[in-house]
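J.: Dumping what TrEMBL says about this protein:
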- K10, Q11, S12, L13, R14, R145, L146, G147, R148, G149, K150, G151, F152, Y153: ATP binding site (BINDING)
- L56, E61: substrate binding site (BINDING)
Amino acid sequence: MAAAAVRAAKQSLRREIKRRVAALSEPEKQRQSQAVCQKLLSHPKYLSSQRVAVFLSMDDEVRTDSILTHMFASGKSCFIPRYERSSSHMDMLRLTSEADIHNLPLTSWNIRQPGEEELREEALETGGLDLILMPGLGFDVSGRRLGRGKGFYDTYLERCMAHPRGKPYTIALAYREQMCEQVPVDQRDVLIDEVLYEDQKETL
């Protein structure tokens, strides 16, 4: 598939998934989020990971509040993204407590993240990461991921690969409505190790 065709296919799929997720009620988002978070909290990779990066969820993403609560309760080191608006650069910065979240400034994207001048531990400058919980708009069962088009996570994973610890395990958290038959990708897109979502079969 030519690059322009991949770009067009991604744009079309982004619109379709946004429409599907927007149709979900708030209680349904909470219900599916709870099911996905339960899967994660009992996942061997999560349980054995000490240094974990997690996203602070936006309105169209699986809610991660209960994961953050669990991480601090179980003594894990928690890192969250700080996106640079003018580029595809992102850092994963240490969060000291759940209360710390409420003091973070809101960006124009309505995401809380540490301010640009704020000095915090960056995961790759210290011990690297064991696990990254990945957001995204769409996923397929083969681990292909459709992001929002900025390339933040793909660029960050490339940096992880150059770190002595190597690439961390990656788990995406998804609503059922974000699962696709096949996500179009190009050579820059990094595959996810695993996608957690509430499977249709489980609810029958």
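From the backbone N, Cα and C atoms, a Cβ is placed for every residue, glycine too.
Caution: TrEMBL annotation is automatic and unverified by curators.
Help me understand the surroundings of these features in the structure.
T.: For S12 (ATP binding site), applying a Cβ distance below 8 Å and a minimum sequence separation of six or more within one chain yields no residues.
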J.: Please give the maximum pairwise Cα distance, in Å and rounded to a whole number, for the ATP-binding set K10, Q11, S12, L13, R14, R145, L146, G147, R148, G149, K150, G151, F152, Y153.
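T.: Result: 21 Å between the two most distant Cα atoms.
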J.: Take the C-alpha atoms of L56 (substrate binding site) and F152 (ATP binding site) and report the distance between them in angstrom, rounded.
T.: 15
J.: Sorted by position, what residues of the same chain at least six away from R148 (ATP binding site) have a C-beta under 8 A from it?
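T.: Correct list: R14, G136, L137.
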J.: Validating a neighbour-count step here. Other CB atoms within 10 A of the CB of F152 (ATP binding site): how many?
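T.: So the Cβ neighbour count for F152 (ATP binding site) comes to 20.
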